[in-house]
Amino acid sequence: MVIRAFLDKIEHNFEKGGRFEKWYALYEAVDTFLYRPASVTKTTAHVRDGIDLKRMMILVWLCTFPAMFFGMWNTGYQANLIFAGNPELLAAQGGWRFALTGALAGFDPNSLWDCFVQGAAYFLPIYAVTFIVGGFWEVLFASVRKHEINEGFFVTSVLFSLTLPPSIPLWQVAMGISFGVVIGKEVFGGTGKNFLNPALVGRAFLFFAYPAQLSGDGVWTAVDGYAGATALSLAAAGGVEGVVSAGVSWMDAFLGIEQGSIGETSTLAILIGGAVLLLTKIAAWRIVAGVMVGMVVLSSLFNLIGSDTNPMFAMPWYWHLVAGGFAFGTLFMATDPVSASMTNTGKWAFGILIGVMVVLIRVVNPAFPEGMMLAILFGNLCAPLIDHFVVQANIKRRLARNV
């Protein structure tokens, strides 16, 4: 193997005393990404497993691909659909993305290639900036602390990118991922020591620091000078009837043929990747079930209460399921094993808390039509407390048993 031989040849330069000793973390990251780690356990009586942390993170990264590829197509489709109905908007477009799309494809909404290229012209730069800037911080902290670079950043980078609208400026992408990696993870010691989901920390920073680029009706479509509302915004204004009258059926929302963040629109694509996470037991099914229980119970309760002034009270649970970032947050964000509850009972409570909070924010709080991000971050804050009470209750039960 040419690559293996090359890596072995230059390895001594990165070891202790070598010319590039301080960059050993970067060398080790490339080496272990391409090949299995050289260090193995040689003592007896060890449990062997078919997956390690690196393979687990790579699998989570791969599970985002259905949502990623569909998101790129849908981003282009939504833009080309608008161009088809508004030729004057197409003539008024400019910029390097528009020129690149015109050189490689066209602007036909019925063309799979045209839509995919248009969407890729928006998503891939976002992902590239996220990976490069976030990777810089990962390498910097790993070099200073003299430890390996963890593959968890593969997951953080793609999750952060998929939660963003296509029109976000790239410099804001760099700001968001920097805040998420440095403040959300590294200041607490790095991978495994953070108590908040770093991808959501970065998005929350952008949401509050630059709300004009993360909310409203003008950010969800890759078309300059066009404003289009998401399903949740339409529901907040006119209920489910308002969503349907705007041309978005429940099936459209389930498939993801609507405006929204790049990777959060298609519940079907998210379920495909999420099913793999659940089958491989990377994602905790108790958390997913808990989120669903909390969401269904509270949304049904609001349906029974009703309201003459707030149409969101009448929004049924199956619309909450396909609207906004609920599916993506449930399967990819809430199930983060580091920032979620660790006890089995705690996972149920953690999930139910998130399900209740997301409906509460969506229905009652008029300032935030989408509540999944805030609900999960609130759940992250409560996770240690939940586990504490679960452990203490178990200790008391054991002590009472021995009395």
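The first residue you see is number 1, and the count goes up from there.
Yeah, the Cβs are placed from backbone N, Cα and C, and that goes for glycine too.
Summarising the annotation, Swiss-Prot assigns transmembrane segment to 56-76, 121-141, 164-184, 195-212, 237-257, 265-285, 287-307, 312-332, 348-368, 371-391. Residues annotated as FMN phosphoryl threonine in Swiss-Prot, with sequence analysis given as evidence: Thr230.
Counting Cβ atoms from all protein chains shown, Thr230 (FMN phosphoryl threonine) has 27 others lying within 10 Å of its own Cβ. Outside the transmembrane segment (237-257), and at least 6 residues removed from its termini, the chain residues within Cβ reach (under 8 Å) are 70-71, 74, 77, 229, 231, 265-269, 311-312, 314-316, 318-319, 322-323.
Fewer than three CB pairs closer than 8 A are found between the transmembrane segment (371-391) and the transmembrane segment (265-285), and contact between the two stretches is not assigned (pairs 6 or more residues apart). Simply put, out of 164-184, 195-212, 312-332, 312-332 has the most Cβ pairs sitting under 8 Å from the transmembrane segment (56-76). Following the DSSP three-state reduction, the secondary structure of Thr230 (FMN phosphoryl threonine) is coil. Take the transmembrane segment (195-212) and the stretches 164-184, 265-285, 312-332: counting Cβ pairs under 8 Å, 164-184 has the most.
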